[in-house]
Ligand SMILES: Nc1ncnc2c1ncn2[C@@H]1O[C@H](COP(=O)(O)OP(=O)(O)O)[C@@H](O)[C@H]1O
Ligand SMILES: CC(=O)N[C@@H](CCC(=O)OP(=O)(O)O)C(=O)O
């Protein structure tokens, strides 16, 4: 007979092991970045919301930062606007930034707030523009022309890089025992809206909040080697070698750059893990074996 409630069993088993781990995290901030790919699975999304509520009830201070790349892509497609990426970032013109804000700070943000509410938690959905929480400068990138090998600057439009995080709003929200859910949209010194990569945004939040852990939930088990086997633990130096030899590519590059930045800012450890695994967050924080790839300084 099939188990009618397999995830409830997973959760119960995890909770038996959880107590000593909970003490380790007491009152500590944990930033959880929930990627757009991980969000696609409704059952896993509900488990995710349940985990976030349980963390808050256990005395931790979870902060959720969400992405929504695939969902933005779908909406742009419906509106007949072409998606273009350069160096892993969405080239964001006036029309695109409007859609990005609508999808991220509008529908996805409120959907996650709703999931957490349905699990008995109280979440507050914000973006970086609220109270000038996250200010951004225009992102600059260069690409090397494959034929001439000449480096060229590329204009990404309204793509931002976090410049300053004002933690006072987040402190107030956490003090009120509410769960912040943040969309990676920021404001520039020119008052314009900037689209920030969600991993980068999560790293800036984790750094500013002196988070104990930054968890990056994606759609792969963690960092994989050339044979597609999970690497359970990596140092910063090892990550740099894997980027240089082409093992780490595409969307995993901004994730690793975020990990390195967060560790430099004092975050104790960063974990990249599969958000589609039932109760991935609880497994990582509250069991001995953890999940995904743990990245430490060194
Ligand atoms: N070495 C690697 N290990 C795991 N994933 C990798 C690696 N190199 C590149 N990737 C790619 O990075 C993707 C995760 O980044 P991304 O698609 O941006 O996720 P998200 O939407 O969760 O932010 C994986 O689905 C995979 O295709
Ligand atoms: C500048 C830039 O690329 N911004 C991203 C923001 C969303 C994001 O990062 O979502 P995921 O985490 O699901 O990939 C974008 O427009 O797709």
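Placement of Cβ uses the backbone N, Cα and C atoms for every residue, glycine included.
As given in TrEMBL:
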- 29-273: domain 'Aspartate/glutamate/uridylate kinase' (DOMAIN)
- 33: site 'Transition state stabilizer' (SITE)
- 68, 69, 90, 195: substrate binding site (BINDING)
- 255: site 'Transition state stabilizer' (SITE)
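Projection of TrEMBL feature records onto the structure.
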{"residue": "33", "record": "site 'Transition state stabilizer'", "Cβ contacts under 8 Å, 6 or more apart": "64, 65, 66, 67, 198, 199, 202, 214, 215, 216, 217"}
{"residue": "68", "record": "substrate binding site", "Cβ contacts under 8 Å, 6 or more apart": "36, 39, 103, 104, 108, 183, 198"}
{"residue": "69", "record": "substrate binding site", "Cβ contacts under 8 Å, 6 or more apart": "35, 36, 37, 90, 198"}
{"residue": "195", "record": "substrate binding site", "Cβ contacts under 8 Å, 6 or more apart": "90, 92, 96, 97, 100, 101, 158, 159, 160, 184, 185"}
{"residue": "255", "record": "site 'Transition state stabilizer'", "Cβ contacts under 8 Å, 6 or more apart": "199, 216, 218, 272"}
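In this entry, 68, 69, 90, 195 make up the residues listed for substrate, with the farthest two CA atoms of the set 12 Å from each other. Highlighted here are the binding-site residues (68, 69, 90, 195) whose C-beta falls below 6 Å from ligand 1: 69, in sequence order. Listed in chain order, the residues near the substrate site other than 68, 69, 90, 195 are 36, 67, 72, 73, 100, 103, 104, 184, 197, 198, each with its Cβ within 8 Å of the site Cβ centroid. Close to ligand 2, meaning a Cβ under 6 Å from one of its atoms, are these of the recorded positions 33, 68, 69: 68, 69. There are 21 other CB atoms within 10 A of the CB of residue 90 (substrate binding site), with all protein chains counted.
In the three-state DSSP reading, residue 68 (substrate binding site) counts as coil.
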